[in-house]
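Asker: Mind having a look at this structure? Questions to follow.
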Amino acid sequence: MKKTGILNSHLAKLADDLGHTDQVCIGDLGLPVPNGIPKIDLSLTSGVPSFQEVLDIYLENILVEKVILAEEIKEANPDQLSRLLAKLDNSVSIEYVSHDHLKQMTQDVKAVIRTGENTPYSNIILQSGVII
């Protein structure tokens, strides 16, 4: 039995299978998941697990070269944005798009991880980097 890292087998496999430029989305309770895109639903109840908890685990286990966020988070959820930005390495590129465009972009991700987060625009697309 694995005792460190990502213990959830679905999340671990997703992280293990990511190649350079592959994308994965971590989303709040309300983010729609396009047909055909795998959804890993971690939500237990409203707020559990939080967006930040899931993001922390993924940032510890994958190399991220770019993140994509909804422009609307800047005004609608600045506390969430501040905490999120504080976790990113200086080398990570940040792109802001409209929330509608971010939802369209989820059609190309490897999977959407649904959290119990109940605050607005708590969604991120992580683009995998390369270690060489």
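A Cβ is built for glycine as well, from the same backbone N, Cα and C atoms used for every other residue.
Sequence annotations record features per position, and here Swiss-Prot assigns active site, proton donor to H20. Annotation comment: Swiss-Prot describes D28, H99, Y121, S122, N123 as substrate binding site.
I would like each feature placed in context: is it buried or exposed, what are its neighbours, and how far apart are things?
Answerer: All chains included, 12 other C-beta atoms sit within 10 angstroms of the C-beta of H20 (active site, proton donor).
Over all protein chains present, the Cβ of D28 (substrate binding site) has 21 other Cβ atoms lying within 10 Å.
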Asker: How many whole Å apart are the CA atoms of Y121 (substrate binding site) and H20 (active site, proton donor)?
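Answerer: With distance taken Cα to Cα, H20 (active site, proton donor) is 26 Å from Y121 (substrate binding site).
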Asker: Look up H99 (substrate binding site) in the DSSP assignment and report helix, strand or coil.
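Answerer: Reduced to three states, the DSSP call for H99 (substrate binding site) is helix.
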